[in-house]
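These notes are about the structure you will find just below.
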């Protein structure tokens, strides 16, 4: 086995031209690796594996929302009720763990591959959920949330990269939307399961125990899923990459996919990528675009909605249960719309439309807090603005950045560059979760929502000026367009 891999790796290192000559060139007639005679590969072959990977996004959404309905009960049982900083810390410590997981996600993927990385992602979620469910004090809860956060940091990165690398080009945008749908389903599930928390003593512990089930399923099903052929090929395991392509695309497409892969991949270089190269080297502009896009995504204020919607609706005199159901439905409908539109309208159009809608929605929420609006209309503007905000976010600003950047980064740096960009996501997310309630108390909803709306407007301008369209292009076409050989 070792000899076979060494032979494959040796052939791979001889260069693109020699490697392509090993294949039948008659079957390699287009850059997307599919011959004109046989059309596109069946989407059904990779569909189940996309669903398995989306369990990581489901868990991310679940743990984002699980604290929403249960925070009041947790603070009462663990004796920190009324301490807004402690409540914010229960939310934000998870995001701090997410930063750690995200930071090391690229290194982990490059070392052990996607299948083992997904299983490593599930492990801290199982351990952390168990620790939170059995917590006796604030410290125990914080430690459990920190463990869960490390898994949350790994999950979105892994899911996005895996979906990007195993999906046929013509449905990659659609499959990429599955991660956002899974996130919204996880969020809705946590809200629905959390409803009895305020009436049933200790129910919040059940909410944490439940999350261990999908984490265990993720670890189990990944054992039967194919490894990314891109990662295998990059490791010099060409024969295994062929087997993975056959499982994902079908036999007739293997030669074309392998030849296409050889056009851009560079064997043995992935592990030599340094942070300085990403920040100051040839790829610095794309890394800057990615980091800024993720930061603006969180500075829009979206996770303040997911974390604290119950608190906000309660202050507006609206039932938290009905309000949270509405938030979950809006998030799911927007995610489903993104699935339908991603490969039709394109990534850039969805981003611009999404952030523009968020400007309007956050403007409505700011207006509801002004003295110009009567108390009878305040509730409608506040609740309506929040639901419109979630809907607009889930159509574009939610699912697009991760997919777009995983497409734009060359395979050699994809995992590590994504981990760097997502670090900005987790840092901003941490401070939004930590400071939102305190800022809401000190500067009020009018000023706070105006600040969020301003960031959304900045995002619209930034996307127009910096983001390139990747719809319908193979990963190799995108790489050649953005980073031509020197």
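Backbone N, Cα and C define each Cβ position, glycine as well.
Looking at 296-316, 443-463, the range annotated in TrEMBL as transmembrane segment turns out to be 443-463. Of the candidate ranges 6-25, 26-45, 46-65, TrEMBL annotates residues 46-65 with the feature transmembrane segment. Counting residues 6+ beyond its ends, the transmembrane segment (379-405) has Cβ neighbours under 8 Å at 156-157, 160, 163-164, 172-173, 176-177, 179-180, 183-184, 286, 289-290, 293-294, 297, 300-302, 305, 309, 312-313, 316-318, 323, 326-327, 330-335, 337-338, 341-342, 347, 350-358, 360-365, 367-369, 373, 417-418, 421-422, 459, 467, 470 in the same chain. Same-chain neighbours of the transmembrane segment (203-224): 52, 55-56, 58-59, 62-63, 66, 69-70, 73-74, 77, 115, 118-119, 121-123, 125-126, 129-130, 132-134, 144, 148, 151, 190, 193-194, 196-197, counting only residues six or more beyond its ends whose CB sits under 8 Å from a CB of the stretch.
With a threshold of 8 Å between CB atoms, the same-chain residues lying at least 6 positions outside the transmembrane segment (141-163) that come near it are 50, 53-54, 56-57, 59-60, 63-64, 74, 78, 89-90, 93-106, 108-109, 114, 117-118, 120-125, 127-133, 135, 172, 175-176, 178-179, 182, 208, 211, 215, 228, 402-403, 406, 414-415, 418-419, 422, 426. Remote same-chain partners of the transmembrane segment (175-197), defined as residues 6 or more beyond its termini with a Cβ less than 8 Å from a stretch Cβ, comprise 43, 46, 50-51, 53-55, 57-66, 68-70, 72-73, 156, 159-160, 163-164, 167, 203-204, 206-207, 210-211, 306, 321, 324-325, 327-329, 331-332, 334-336, 338-339, 342, 394, 398-399, 402-403.
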